[in-house]
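Q: My structure is below; once you've seen it, I'll send some questions.
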Amino acid sequence: MLAGYIEGLSMVFQLGTLLAIAGGTLLGIIMGVLPGLTSAMAIALLLPVTFGMPPVMGIGMLLGALCGAGVSGSIPAILLNIPGTPSSVATTFDGYPMAQRGEAGRALGLAIVASFSGGVASMVILSLLAPPIAEFALRFGAAEYFSLSIFGLVIIASVAGKSLLKGLIAGFIGFFASTIGTDPIAGVDRFTFGQLSLLTGINILPALIGLFAISQILKNAFEYDPAEKLTAGKHKIDLARPRFVETFRNWRALLAGIGSGSVVGPVPGAGGSIASLVAYDQARRFSKNPEKFGSGHSAGIVSVESANNALLGGALIPTLALGIPGEAATAVLLGGLMIQGITPGPMLFADQSGTIYGIFLAYLVANFAMLLIMCLGIKVFVKVLMVPRKQLLAAIVVFCFIGVYAVDGDVFNIYLMLAFGVLGYFLNRYGFGTAPVILGLILGPIAESNLRRGLQTFQGDWTPFFTRPLSATFLLIALLLLAVTLWQNYRAYKKDLEEIKSA
Amino acid sequence: MDRDIGKPLFDIFLLVASGIGFYYATTLPSITSAGGITPAFFPKLLSGLIFVCAVPCFIRDSLEWLSQRRERDYEAQNVRSDGPKSAVAQWLFIMALIIGYAIIFERLGYLVSTSLFCFLSVLGMVMLSGEFSGMSAVNKLKSGLGYLAFSIILSSSIFFVFTALFNIPLPN
């Protein structure tokens, strides 16, 4: 491990890598400030820029973007009562009332330090937990990988869509899309329709940008309202002073945030909004002054913001150790890893320990970059809120086009991106979600190749998939989860029907 | 619950698409490997699963839509809003423009196509959303020139950053 860290250190502490991490963080902050633009979109747009970079530099840049977007959503939440990202919804509870009292700078200072602390703590948890999990996963064979893929798909489908069936449909669509191209075992072309660009399968980058960026642009175009002009209002902030002492004085809330983020993070599909709400609830429960929550209490901001960033470290555990992403943004990051030629999973820890520890350190550096950039640039970021939305949409479309064209100079990828964009727009609009699609696209080939490889090894016998302990456990949990979610969906549906009848 | 006819329509689209997917899967060559798995196995299974899951979704979404007809009729008679219409127009306009941009991206080259796209998209959004209404002709012209300048500057600066700094070739 130590050798891995030393190798990782040499990869991270290079001027180019540090600048890339800082650049990614800056872009993430800008994207997080703007309501409607997501962290997944930020890293999807950054992916093409990372093509020519060494893995640690490229992934460091993407982690910087995630880290930056994680904290900057608090700016509109505190100043305008509008969460920049879904995970900063709970920041509005205490951040906005504090800003209303004329203490916007204090609220932002608390949010920045809490987020930084959450990020650093989650990096420690990540570096302690991911290696043993990966080592354990080295025992996995084809049957376990197949079951794990199914488990990952089921778990994200059960929480990403508005109903289990819709989440599953989205996952199956992604899985189906992954079968396009040359069959890995028999060498038969599937659904290529003579299109040479499809022979190697669906390129992950156009799919990612389409699902997470173009679909969002179409949504914003639909919702565009010229009357909606965001301004920082009466708040005048030149510099956000980091509030270390006050943040650590709220140590109970900080621990509640770090704990909630780290626990919720690895749960596929749970996401930042759940982590922050759980953290807020826990902090209130353990507080000596629970009645102060909701009225501009510092502990409220500390708990939520520490959870937001601690979530990322937690979500990275299954992403890196098992190749199963924790939520949408880490699903895009997983795509980024694959583009970099890195296959997440236990073998990554065994074969490229320098790279993996370099990624851990890059995440740590990203947190420091976030702290510095947020404190120094807060005045500028508040102004970003006022960027006219129509110009921004046009610029993002241009970045999407360039990013996808840069893959291999093939216009077909642009059409592919548009197709996924339109699909993603409707999937989101009608409650299917897009995260399961990308997970299906990533996990599909793992499931298919391992099922077929496993059947070859077991000489056509299916039973080992259900009798090997680990494989059976994954399948059983997936089945139980399906049953529980179906039951919950059924109860919610019945309740809806009763409400309609009574109305 | 959301009353949107798009929901059941999208479910129908999924049913039809999964049917087409299943049909094309049956045309794949059946080269059997261990366990009886052919290249068509997963595509058939997945399109079948999409179909099976989409049926209850369609039934539920259709029932939801139908059950709130009375409320919908009431709103249609009493509430008049220009919002959704302009929203749809904005969406269709941006969609058409993005497709047009994809078509001309290589043919006209990056700089011309991008400048055109940026200018038209900003101008279109302004016009469709009604931002221009109430503005004097001089102000409209000023804004239009501003958008044109924005489009050219944005396209050129992105071109410089990507070609000169990142060495990413863009179509000329």
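Cβ atoms are placed via backbone N, Cα and C, with glycine included.
According to TrEMBL:
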type	residues	note
DOMAIN	A:18-439	domain 'DUF112'
TRANSMEM	A:20-47	transmembrane segment
TRANSMEM	A:59-79	transmembrane segment
TRANSMEM	A:107-130	transmembrane segment
TRANSMEM	A:142-161	transmembrane segment
TRANSMEM	A:167-186	transmembrane segment
TRANSMEM	A:198-218	transmembrane segment
TRANSMEM	A:356-380	transmembrane segment
TRANSMEM	A:392-408	transmembrane segment
TRANSMEM	A:414-444	transmembrane segment
TRANSMEM	A:465-487	transmembrane segment
Q: Tell me, please, if the transmembrane segment (A:167-186) and the transmembrane segment (A:414-444) are in contact, taking contact as 3+ Cβ pairs under 8 Å between residues separated by 6 or more positions?
A: yes
Q: Ranking A:59-79, A:392-408, A:465-487 by Cβ pairs under 8 Å to the transmembrane segment (A:198-218), which is first?
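A: Comparing A:59-79, A:392-408, A:465-487 against the transmembrane segment (A:198-218), the winner is A:392-408.
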Q: Any contact between the transmembrane segment (A:107-130) and the transmembrane segment (A:465-487)? By contact I mean 3+ C-beta pairs closer than 8 Å, pairs at least 6 apart along the chain.
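A: Result for the transmembrane segment (A:107-130) with the transmembrane segment (A:465-487) is no.
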Q: Under 8 Å, at least 3 Cβ pairs, sequence separation 6 or more: does that hold for the transmembrane segment (A:392-408) versus the transmembrane segment (A:59-79)?
A: no
Q: Sequence-remote contacts (6 or more beyond its ends) of the transmembrane segment (A:414-444), Cβ cut-off under 8 Å?
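A: 149, 152-153, 156-157, 160-163, 166-179, 197, 202-204, 206-215, 217-219, 269, 323-325, 327-328, 331-332, 334-335, 338, 400-401, 404-405.
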